[in-house]
Amino acid sequence: MSTSAAPTPLESRASGPLSGTIRVPGDKSISHRALILGALSVGGTRISGLLEGEDVLNTAKSMRTLGAKVERTGEFAWTVNGVGVGGFAQPAATLDFGNSGTGCRLVMGAVAGCPISAVFDGDASLRSRPMRRILDPLALMGAKVTASAEGGKLPLTLQGASNPVPIEYRTPVASAQIKSAVLLAGLAAPGVTTVIEQEASRDHTELMLKHFGAEIVTTPEGSHGRRIALTGQPELRGAPVIVPADPSSAAFPLVAALIVDGSDLVLSDVMTNPLRTGLFTTLREMGASIEEDDVRGDAGEPMARLRVRASKLKGVEVPPERAPSMIDEYLVLAVAAAYAEGTTIMRGLHELRVKESDRLEATAAMLRVNGVKVEITGDDLIVEGRGHVPGGGLVATHMDHRIAMSALVMGLASDKPVTVDDTAFIATSFPDFIPLMRKAGADFA
């Protein structure tokens with residue numbers, strides 16, 4: 001099981017204007033998928049811009065344990081020589097994913113289609129998170145959990161199917177992790193595996209499967225949903241992948257630039273996939289100055305340069321159907337809402353309760369301890385913005401990287417400094433967050 005070092009607290013203080021040009025790390029979702037699909041392909045895959053955070057490095061390690069050759073060839077440059085669909089070897093060691101729910105759940109899907117048995121584990125936070133929603137459809141395809149902690153949680157042993165069965169599966173919630181696990185298992189099944197979702201979730205797996213040569217067709221389902229049909233047993237071919245900057249990581253310097261007076265900050269190569277840009281849409285509705293140029297793409301994923309300038313924000317209502325496109329960004333959106341004038345209502349946030357922490361309660365606690373009026377009603381978060389934040393609070397991060405970064409952003413414009421109890425877990429997704437923000441003008445001490 002993963003362990004962490006002693007806590008490393010940090011104080012964030014009111015800063016002068018943020019400026020310059022920065023590139024946030026490569027997208028975490030793309031990085032995980034590039035490693036996994038590279039490992040399931042025949043031949044070599046070259047990846048540039050890979051996120052070298054702990055979560056992704058644990059996925060790289062798991063691919064090595066399962067028989068793929070994974071090497072770092074330069075800064076953020078990696079090669080993967082795969083074993084082909086269904087070719088994973090029996091692992092000699094536990095697959096430890098640390099804090100990464102995405103890596104763990106996607107690899108469960110990939111393992112489910114192979115006739116091997118693997119032990120999955122993670123840190124205390126990941127051990128507390130639900131896995132049943134992933135394991136249920138994989139069981140329909142022939143995989144079996146032969147041992148697990150109470151409630152199907154980690155650590156658990158997954159026996160992959162000798163003869164995986166294609167299924168048609170309707171996801172109970174909008175979840176790219178559930179969808180992706182089923183599709184990755186479906187690669188090894190004969191015939192067509194279909195996933196139906198009522199609300200479209202991020203489509204990185206579908207786009208990358210096409211990039212590696214899979215036959216996959218996506219059609220509309222209802223007013224907001226999608227039907228994804230994958231033809232199994234393809235021969236995936238290694239392909240080059242350029243990883244764009246992660247919009248979920250870009251969210252932190254972006255919101256910081258909006259709330260710190262006089263800021264004018266440029267973020268380069270940010271992914272602008274429409275299923276990941278709910279935060280940008282919401283902030284623009286609040287009055288944010290966010291401009292895009294240098295628009296281009298790779299492997300089906302669009303990216304652009306963003307110019308962000310300090311803005312006077314107003315409260316808005318965020319509809320629940322927007323949640324899948326910004327599920328990881330509500331924490332830092334709540335910070336923006338605290339600096340806005342008026343009330344912001346974020347609806348339908350039930351999925352925040354089963355992230356690295358109960359992010360709904362943790363977000364409310366982060367705001368309250370710093371003098372912001374906030375209320376949770378059911379699955380809705382209501383923030384009363386007053387144009388400024390008193391600050392002065394100590395924020396409990398609960399081993400959650402996004403809580404830590406959101407609180408540090410909040411302190412950059414608050415009346416009194418904001419302190420986080422531990423910054424260690426920031427390394428899971430954004431290892432250079434603190435030096436990169438300092439370079440732009442942030443005052444962390």
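Just so it is clear, glycine is given a Cβ too, placed from its N, Cα and C backbone atoms.
What you see is a predicted model, and the numbers here were worked out from it, not measured in a lab.
Binding site for 3-phosphoshikimate per Swiss-Prot: Lys28, Ser29, Arg33, Ser175, Gln177, Asp328, plus Lys355 from the candidate set Lys153, Lys312, Lys355. As stated in Swiss-Prot, the feature region 'Disordered' covers range 1-20 out of the listed 1-20, 281-300.
Across the structure, Gln177 (phosphoenolpyruvate binding site) and Ser29 (3-phosphoshikimate binding site) are spaced 10 Å apart at their Cα atoms. A gap of 21 Å separates the Cα atoms of Arg33 (3-phosphoshikimate binding site) and Arg129 (phosphoenolpyruvate binding site). Among the binding-site residues Lys28, Gly101, Arg129, the ones whose Cα sits within 10 Å of the Cα of Lys355 (3-phosphoshikimate binding site) are Gly101, Arg129. Following the DSSP three-state reduction, the secondary structure of Arg129 (phosphoenolpyruvate binding site) is coil. If you measure from the Cα atom of Arg129 (phosphoenolpyruvate binding site) to that of Ser175 (3-phosphoshikimate binding site), you get 14 Å.
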